[in-house]
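Database features (Swiss-Prot):
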type	residues	note
REGION	1-30	region 'Disordered'
COMPBIAS	9-19	compositional bias 'Basic and acidic residues'
DOMAIN	32-105	domain 'CSD'
ZN_FING	130-147	zinc finger
BINDING	Cys132, Cys135, His140, Cys145	Zn(2+) 1 binding site
ZN_FING	152-169	zinc finger
BINDING	Cys154, Cys157, His162, Cys167	Zn(2+) 2 binding site
REGION	172-252	region 'Disordered'
COMPBIAS	213-222	compositional bias 'Basic and acidic residues'
COMPBIAS	225-238	compositional bias 'Polar residues'
Amino acid sequence: MAEGGAARGTREEQGKLPEQEEEEEEDPQVLLGSGHCKWFNVRMGFGFISMTSREGSPLENPVDVFVHQSKLYMDGFRSLKEGEPVEFTFKKSSKGFESLRVTGPGGNPCLGSERRPKAKTVQKRKPKGDRCYNCGGLDHHAKECNLPPQPKKCHYCQSTMHMVANCPHKIVPQHPTTSQGRYEAEPQPSTSSFQREGGGAFDYSSPSYSQEGRSELSERSSRSPQEASLSKISTSPEEQSRKGPSVQKKKK
């Protein structure tokens with residue numbers, strides 16, 4: 001029984017330990033410090049204090065302490081000026097040192113910074129002049145016009161004889177365009193120059209054939225390869241007699 005009671009006691013003690021640790025974390029030790037404002041962001045509302053004295057004893061190296069605008073003791077817009085002397089209470093947290101209440105020297109209100117956050121500038125459209133589409137007046141709209149419906153006018157010269165699309169006073173530069181809406185390119189010559197090894201250039205143009213030559217080419221291309229081979233084999237005797245002397249000359 002004694003062993004069982006001892007085990008229960010150890011379990012209860014172990015169960016209380018985390019609770020005690022939480023209570024200690026919730027109630028940290030409040031310390032006193034003094035120093036000056038290192039920097040403060042007026043728009044975001046926070047900054048850091050450079051602590052030079054802790055509990056009345058000076059520090060060799062200044063320590064940074066976080067400060068929020070809600071912890072400042074002052075009236076109006078709460079902020080700190082860079083280099084402003086302050087006194088404060090602070091605590092130690094998992095993120096570092098955080099200030100709890102910040103005042104000026106001797107518990108007086110903080111002076112604060114002269115800077116103010118800039119208001120967001122909303123870009124507004126420029127107000128266009130109101131014009132009546134019926135009579136052209138600038139002090140009312142067409143639905144408020146007292147005149148009866150007026151004839152349509154050219155929006156460029158206010159003439160009733162034509163519309164703005166046919167206005168002779170409005171000059172629109174026109175460029176020649178193709179069917180696809182692109183500008184026509186200047187015609188380029190069909191000749192192409194080739195560079196020689198010696199550095200000169202000569203023009204080469206496509207040969208111009210007559211109608212007879214084109215008909216012969218079309219007939220040749222329409223022939224089958226078998227007909228072409230037969231035409232080579234079946235040559236006339238006149239052609240053979242013509243070729244004969246030339247062959248004899250070559251043999252000599």
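Here the Cβ of each residue, glycine as well, is placed from N, Cα and C on the backbone.
As the structure is a computational prediction, the values presented were derived from the model and not from experiment.
What Swiss-Prot annotates, mapped onto the structure for a quick look.
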residue: Cys132; record: Zn(2+) 1 binding site; Cβ neighbours (10 Å): 18
residue: Cys135; record: Zn(2+) 1 binding site; Cβ neighbours (10 Å): 15
residue: His140; record: Zn(2+) 1 binding site; Cβ neighbours (10 Å): 14
residue: Cys145; record: Zn(2+) 1 binding site; Cβ neighbours (10 Å): 16
residue: Cys154; record: Zn(2+) 2 binding site; Cβ neighbours (10 Å): 18
residue: Cys157; record: Zn(2+) 2 binding site; Cβ neighbours (10 Å): 13
residue: His162; record: Zn(2+) 2 binding site; Cβ neighbours (10 Å): 15
residue: Cys167; record: Zn(2+) 2 binding site; Cβ neighbours (10 Å): 16
Practice task
May I ask for the distance between Cys135 (Zn(2+) 1 binding site) and Cys154 (Zn(2+) 2 binding site), taken between their Cα atoms and rounded to an integer number of Å?
Solution key: 12
Practice task
Pop the Cα-Cα gap between Cys132 (Zn(2+) 1 binding site) and Cys157 (Zn(2+) 2 binding site) into the table, whole Å please.
Solution key: 16
Handout entry: Zn(2+) 1 site, defined by Cys132, Cys135, His140, Cys145: further same-chain residues with Cβ within 8 Å of the Cβ centre
Key = Tyr133, Asn134, Gly136, Gly137, Asp139, His141, Ala142, Glu144, Asn146, Leu147
Completion exercise
The correct DSSP tally for the zinc finger (130-147) reads 3 helix, 0 strand, 15 coil
Exercise for the section: Other than Cys154, Cys157, His162, Cys167, which residues of the same chain sit close to Zn(2+) 2? List them in sequence order, counting a residue when its Cβ is within 8 Å of the Cβ centroid of the site. Expected result: Lys153, His155, Tyr156, Gln158, Ser159, Met161, Met163, Val164, Asn166, Pro168, His169, Lys170
Exercise for the section: For the zinc finger (130-147), provide the mean pLDDT of the predicted model. Expected result: 78
Fill in the blank from the handout: DSSP puts the residues of the zinc finger (152-169) at 3 helix, 0 strand, 15 coil
Problem - Nearest recorded site to His162 (Zn(2+) 2 binding site) by CA-CA distance, among binding-site residues Cys132, His140, Cys145 - result: Cys132
Practice task
Given the binding-site residues Cys132, His140, Cys145, state which is nearest to Cys154 (Zn(2+) 2 binding site) when distance is taken between Cα atoms.
Solution key: Cys132
Completion exercise
Rounded Cα distance in angstrom between Cys132 (Zn(2+) 1 binding site) and Cys167 (Zn(2+) 2 binding site) is 21
